[in-house]
Amino acid sequence: MKELQITTGCLLLMVAAIGKTSAIYSMSETCEYTPDGFIADPNSCQSYGYCKNNQLVGTGKCPDGYLYNNKLGICDSPANVKCISDSKNACLHATDNSFVADPTNCNGYCYCSNKTATCTTCPEFQLFDSKQIKCVYALEKPECTADSICRLVPNAVYVGNPNECGEYISCFNGIGTEGRCASGYFNKQLGGCQTTNPCLASSPNPDIGLGVIENLADNNFVCQVNGGNPTEEKPVFISDGQTCMGYYKCTSRNGPGIWGKCPKGLHFNEGKCVTPFTFPCTFDRCGNLNREFVGAIRTECKNFLICKNETSQGMAYNYAKYIGLPCTDKNYPFFNEVSGTCEKTSPKSDTYKLCV
């Protein structure tokens, strides 16, 4: 049976750096991207933690002779647990002058000499295949032995690289690929890219998008300019021009436009509230949606936005579009907002109109 030791006070984010490109995460960092529940300790096959509200609130260790089975959430016989947690021991049982997978990084490998590991990484977009003993492209689905945060967090998330502040690791189907933001730096607190360096100062709290909490002000002129001839019986609804879900209600050409927004889960388009993916809104598409990911328009359905507090986080904004982050697996290049995942084929259809 597991014994849980509750921790109190501030939690220090400890990073174990073994070589320049290794990516060992503390349990505190793992909890930042993990729902409530138990997680494995990426630095110890015997240890585990408990996450609550994205914080590490407890730690524990299995009895001697047992290892933590993350799939079952129990302390289990070593025969039932596959765990490699320390790259410095990668060469202990390897043949001298040979190459082995870096157990902390899927696109890394180590050269073994006198039981000592010297680790490096494969070229960009490639992973190390421990069976073929060579670097191959991710679409070939190489066997990855890395016991990294991608083994412990939900699928299709981007996490910060603890050894290279401002860079990220994309996690898809348990496999992690290191990357850099084209627009600048990755902010691990916000889960997205930004132009300023988050490593120079404390990262800000996520901003809240327009109309998410506070209503926008009414508009005294919108009904005169765009309202046509509205009446109390036949009001006219006009986009607020700032959000995807907001509108102005006009009941008189001379009266003010009263701001309102669609019911949760809907966006406003051409006078009515509709399913969000049926039109390419050019404002923050996270608004009014209880989603972790939404599609980014004008990217041919190959990019997506990360949402927190109904607001896209840290994404580049350019030419009236949120660019977002790409699906990194070349075998699954298209993002589908309906399923919330990267898929093989484009979701474009007569009703799914984000692929513009």
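Glycine too: its Cβ is placed from the backbone N, Cα and C atoms.
Summarising the annotation, Swiss-Prot assigns disulfide bond to Cys62-Cys75 (among others).
The disulfide bond feature in Swiss-Prot is assigned to Cys122-Cys135 (among others). According to DSSP, Cys135 (disulfide bond) sits within a strand segment.
Residues or ranges marked as disulfide bond in Swiss-Prot: Cys181-Cys193 (among others).
What Swiss-Prot lists as disulfide bond is Cys262-Cys273 (among others). Long-range Cβ proximity for Cys262 (disulfide bond), meaning a same-chain Cβ under 8 A and a gap of 6 or more residues, is found for Met245, Gly246, Tyr247, Phe268, Cys273, Asn288. A coil conformation is recorded for Cys262 (disulfide bond) in the three-state DSSP classification, outside any helix or strand.
Taken from Swiss-Prot, the feature domain 'Chitin-binding type-2 1' applies to 28-85, supported by sequence analysis.
Annotated domain 'Chitin-binding type-2 2' per Swiss-Prot: 88-146, in sequence order.
Positions annotated as domain 'Chitin-binding type-2 3' by Swiss-Prot, on the basis of sequence analysis: 147-201.
Among the features that Swiss-Prot reports, domain 'Chitin-binding type-2 4' is placed at 220-283.
What Swiss-Prot lists as domain 'Chitin-binding type-2 5' is 286-355, and the listing cites sequence analysis.
Following the DSSP three-state reduction, the secondary structure of Asn114 (N-linked glycosylation site) is coil. Sequence-distant contacts of Asn114 (N-linked glycosylation site), defined by Cβ-Cβ distance under 8 angstroms and a gap of at least six in the same chain, are Asp96. If you look up Swiss-Prot, you'll see Asn114 (among others) marked as N-linked glycosylation site.
The annotation N-linked glycosylation site is assigned in Swiss-Prot to Asn309 (among others) on the grounds of sequence analysis. Cβ neighbour count for Asn309 (N-linked glycosylation site): 15 (other Cβ atoms within 10 Å of its Cβ, all protein chains included).
The signal peptide feature in Swiss-Prot is assigned to 1-23; the stated evidence is experimental evidence.
Annotation for the disulfide-bonded residues Cys122, Cys135, Cys181: lowest Cβ count within 10 Å of the residue's own Cβ, Cys135.
Cα of Cys122 (disulfide bond) to Cα of Cys193 (disulfide bond): a span of 23 Å. For the disulfide-bonded residues given as Cys62, Cys75, Cys193, Cys273, the lowest number of other CB atoms within 10 Å of the residue's CB is seen at Cys273. Across the domain 'Chitin-binding type-2 5' (286-355), DSSP helix (H, G, I), strand (E, B) and coil residues number 0 helix, 23 strand, 47 coil.
In the predicted model, the domain 'Chitin-binding type-2 2' (88-146) has a mean pLDDT of 78.
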